[in-house]
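Some features that TrEMBL has for this protein:
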{"type": "TRANSMEM", "residues": "63-84", "note": "transmembrane segment"}
{"type": "TRANSMEM", "residues": "104-125", "note": "transmembrane segment"}
{"type": "TRANSMEM", "residues": "174-194", "note": "transmembrane segment"}
{"type": "DOMAIN", "residues": "269-361", "note": "domain 'Rieske'"}
Amino acid sequence: MTTGRPHGSGGGTGHPAEHELEDMSQEQLARLASELDDVEVVHNTRKFPVPGTRAEKRAERTVATWFILSALSGLAFIVAFIAWPHEYVSPFEPGHTLYSLYTPVIGFTFGFAVLALGIAVISYVKKFFPDEVSVQQRHDGPSDEVARKTVVAQLVQAGKDTTIGRRSMIKRSAGAAAGLFGIGLGIAAIAPLVRNPWKGGDQAALWVTPWRPVNGETVYLRTDTGVLGEIARIRPEDMAPGSMQTVFPFRESERGDKEALLHAQRASDTPVMLIRLRPGTQVVKRPGQEDFNYGDYYAFSKICTHLGCPTSLYQAQDNRILCPCHQSQFLATEYAKPIFGPATRPLPQLPITVNDEGYFVARSDFIEAVGPAFWERRP
Ligand code: FES
């Protein structure tokens, strides 16, 4: 209800002089704050008017238990985050089960720490905050000096009313829960900065992909047949004009090596779209990359340069490559440059040719970084 009075004028309560203000106790200041705000306390009952009863102690233990559970879960999260084996282990190697539990473990411990902390705070409010019904008139304009000063006292008094001051068990367990939770958050925030993605210089993971030839070994283009270990290399005659297929790198030295084959298919920077344009299609090539294609066949990274989704859709009618995530479109006939949507860079093109056996092979790795932009990207 709006009274039309300026804020802080009070329901008949005048502002005390400064020296009167200094002499007032906290309770008096809190009461004055209520009066100045036109707050009428209709009903106020403490949950435990007699301190030290068994019911009060039981309630205190319940709240503290949730805080302790939150603290233990926060501690478990920190330990798991730091010590649980998180390096990739393939399904064929010992240690895979532990590795595969890494995400569930840190997810559960973190989630339970938040849940228990929330339950602890809610149960403290429900069990110890006094039952109070107050009615306040609405005011216009900003609060005056006295109101600003007394509201602090009012908040302190409210804290006192919750009896938190004499509940050391709850204070200690809450401090432990909040502290460990905060430390866990801090570690989670800082941890990604500890690992150096540039370790390795020019051979760092951000600069090279599994398409890079090692020791002069030929890197073939192969499709995924769905059967691990079945190698389907591609010849030009395998593709009809106006078609596209996803290809991955393959080296003869990987034949029979399930882990290497799996890695070549799962690494985030390996999927490539091999596109066969229709004969006679007009093409604009990127300066310096005029010989990256083989006839009508063009190979572009499938990783969207916006945020890294797979740009899996090739529309043969107008030669557009579409990213389903945020609708970026790239023109296959113009070095996959973006023509619509949030992506700003062309999809990197893989230099390809056909070898003496008649199979598509990569002539080199990509000459630019694959995927979304990142700091320190080279042109
Ligand atoms: S990730 Fe492709 S448009 Fe955003």
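Keep in mind that glycine also has a Cβ here, set from the backbone N, Cα and C atoms.
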Same-chain residue ranges lying at least 6 outside the transmembrane segment (104-125) that approach it to Cβ under 8 Å: 62-63, 66-67, 69-71, 73-74, 76-77, 80-81, 84, 162, 170, 173-174, 177-178, 180-181, 184, 188
The domain 'Rieske' (269-361) - residue tally per DSSP class, helix then strand then coil: 0 helix, 34 strand, 59 coil
